Amino acid sequence: MAPKLITVLCLGFCLNQKICPHAGAQDKFSLSAWPSPVVPLGGRVTLSCHSHLRFVIWTIFQTTGTRSHELHTGLSNNITISPVTPEHAGTYRCVGIYKHASKWSAESNSLKIIVTGLFTKPSISAHPSSLVHAGARVSLRCHSELAFDEFILYKEGHIQHSQQLDQGMEAGIHYVEAVFSMGPVTPAHAGAYRCCGCFSHSRYEWSAPSDPLDIVITGKYKKPSLSTQVDPMMRLGEKLTLFCSSEISFDQYHLFRHGVAHGQWLSGGQRHREAFQANFSVGRATPVPGGTYRCYGSFNDSPYKPPVTRCNFTPQETLRVLLCHSQNPPLNLTHLALKDSPATCICSLDSQ
């Protein structure tokens, strides 16, 4: 008998005897959520059942405690929930049934749907800085005035729950916070982090997410250099421009002030004396722009485009800009550049 004919006869026998695989690992489903299982209140999410076997009836159900609620049964293997409410938070599974069989498949994996935005958002900060050299350590701190029982830190689908909470008083206001330690960091740690809070009686109902915190991993490439105007004498009110130069032709250049993005990034750099240079204008020379600046370079295959940070930056030496303010007599700013060390700005009295 031909092999194809044997296969057809065996399949027919299987269906007629209703002994096709059921409740077995080989026909177990998987359940997924698009675009994410973490959904903002009032948002939209699509749940989809997947299986390599051809089922004709699909059921998606929600489990709350020991009770199951059927959400969808039909020919379609997916359902869209919109708008999402707190009642949609919980655990979901799905099953399927053959057209000529009487038993359901095994249940799919459990999928937790989290609804965010039910409480005021916490804050998030990095210590000592969100700019972290490869191999170093950093702590992310989630902080809230609401007495949450737990904080959740997440980045692009990776979720981490707090193990311990600290409490305290600040300016007469009670707060709770959790500290998440990371390190030694690698390029995989780079990205935009957020945190949420929740209460123990409703762990699938989270607060609004914090503002994103971009963790940048530095030190992959040779560092550029940072300098200011060639003229060493600068008066208050004059235009201040910083020059970021490198031997490497980076696709983007970024300026940071006191470890925080200065709100500027430039695409590429112009060829200048055997190097590539990007020019940053930081406004007029007043006491406000003064401070410590750094510039970084990156490539398009690891772009820095706030709020998402995925790149490896190379740091340069620090440029410290010190601006002095006086109307009479006027003060001049002298800039002394030191290679591979913080540059020094010296304010001197004009002896006119």
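From the backbone N, Cα and C atoms, a Cβ is placed for every residue, glycine too.
Now, the feature entries from Swiss-Prot:
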SIGNAL    1-16  signal peptide
DOMAIN    17-112  domain 'Ig-like C2-type 1'
DISULFID  Cys49-Cys94  disulfide bond
CARBOHYD  Asn78  N-linked glycosylation site
DOMAIN    224-311  domain 'Ig-like C2-type 2'
DISULFID  Cys244-Cys295  disulfide bond
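Cys295 (disulfide bond) and the residue listed as 'N-linked glycosylation site' are 48 Å apart (CA-CA, integer value).
Listed disulfide-bonded residues: Cys94, Cys295; maximum Cβ neighbour count within 10 Å falls on Cys295. Cα of Cys244 (disulfide bond) to Cα of Cys49 (disulfide bond): a span of 52 Å. Counting only same-chain residues at least 6 apart in sequence, those with a Cβ under 8 Å from the Cβ of Cys49 (disulfide bond) are Phe29, Ser30, Leu31, Trp58, Ile60, Asn77, Asn78, Cys94, Gly96, Ser108. Compared over the recorded positions Asn78, Cys244, the count of CB atoms lying within 10 A of a residue's CB peaks at Cys244. When the domain 'Ig-like C2-type 1' (17-112) is classified with DSSP, helix, strand and coil residues number 7 helix, 45 strand, 44 coil.
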